[in-house]
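S.K.: Annotation source TrEMBL lists compositional bias 'Low complexity' at 362-371. Annotation source TrEMBL lists domain 'Bacterial type II secretion system protein E' at 52-333. The region 'Disordered' annotation in TrEMBL covers 362-396.
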């Protein structure tokens with residue numbers, strides 16, 4: 001804590017709250033003799049952060065520009081404000097104490113409804129404010145306790161705003177709108193932190209208000225600006241290793257909920273079989289995201305996920321090529337800014353799944369690729385004009 005005698009103040013306030021004293025009264029009783037009444041307002045946020053928030057990290061999470069906060073044991077704190085990772089000085093000596101870092105991680109795990117100890121040294125959860133938590137204890141981590149926090153923003157960006165900010169190239173925006181309008185099944189791909197969830201929420205905001213969207217996620221991160229959205233999220237096994245409800249079961253449940261749009265927040269396991277099956281049986285206009293470093297890597301990623309579900313490679317290729325109309329790939333540029341880099345289409349060459357670029361974003365504008373005509377065929381009536389028509393070297 002930055003306030004004088006902060007640790008002692010927290011201890012006194014914690015004891016008072018445990019005894020039934022309201023937090024405001026506990027603050028006055030526990031801190032007045034240390035900072036005086038005039039300092040109580042400044043101390044209030046600090047104490048609340050230590051009792052109910054992320055302690056010395058809370059002010060970083062409160063910064064609207066911060067997307068990720070990472071603690072590498074007692075070795076330092078890093079954050080991402082949208083331009084890549086940077087090291088920061090939090091100004092709290094407690095974060096130099098391995099025991100204090102471990103205690104913070106355990107408290108955050110408890111706030112997410114889970115336990116973090118020697119018997120359960122890895123935790124993946126969601127804090128009450130929607131922040132994603134991942135923590136690892138030694139000896140699994142050779143660098144001390146590791147804490148990874150990904151912020152959850154109530155602010156939802158529209159596709160127009162993402163275009164204005166440069167995340168979506170202006171000549172790619174009409175293609176994305178057409179994908180939603182024509183009820184295409186879209187896979188959004190990209191590396192961790194590339195902006196997949198942000199773009200997906202913006203695309204879902206274009207869905208007509210009369211349609212029902214069912215979102216299936218590990219934790220409810222998607223909050224599109226839409227009047228009819230329902231959320232399903234997994235339940236992890238308890239300490240006895242029972243009670244788990246996985247994504248695959250939720251996908252099957254969602255199909256019985258009369259969805260107009262079926263959305264899988266992230267495809268990362270055997271649920272790929274159920275998603276591809278759903279999109280191949282009349283549930284058009286669906287969306288999913290997947291981790292991949294390039295659109296060309298998406299086929300290998302889908303094949304690997306399909307293998308987890310016992311699907312042979314030719315089966316994955318046939319299902320994916322039939323179910324998915326487009327792949328929208330995001331990546332960070334050299335400055336760390338998130339950008340839509342490609343729109344691609346999936347197809348088969350024999351029994352092999354291939355991804356062909358239909359539209360590539362370049363500094364000189366979006367250029368059609370070899371898959372452009374196939375994308376236009378899939379969009380059908382109302383398809384957008386070629387964005388490269390007037391660009392030097394573009395398609396005629």
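Including glycine, each Cβ sits where the backbone N, Cα and C put it.
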S.K.: If I take every residue in the domain 'Bacterial type II secretion system protein E' (52-333) and average their pLDDT values, what number comes out?
M.R.: 91
S.K.: With DSSP, how much of the compositional bias 'Low complexity' (362-371) is helix, how much strand and how much coil, in residues?
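M.R.: Split into helix, strand and coil, the compositional bias 'Low complexity' (362-371) gives 0 helix, 5 strand, 5 coil.
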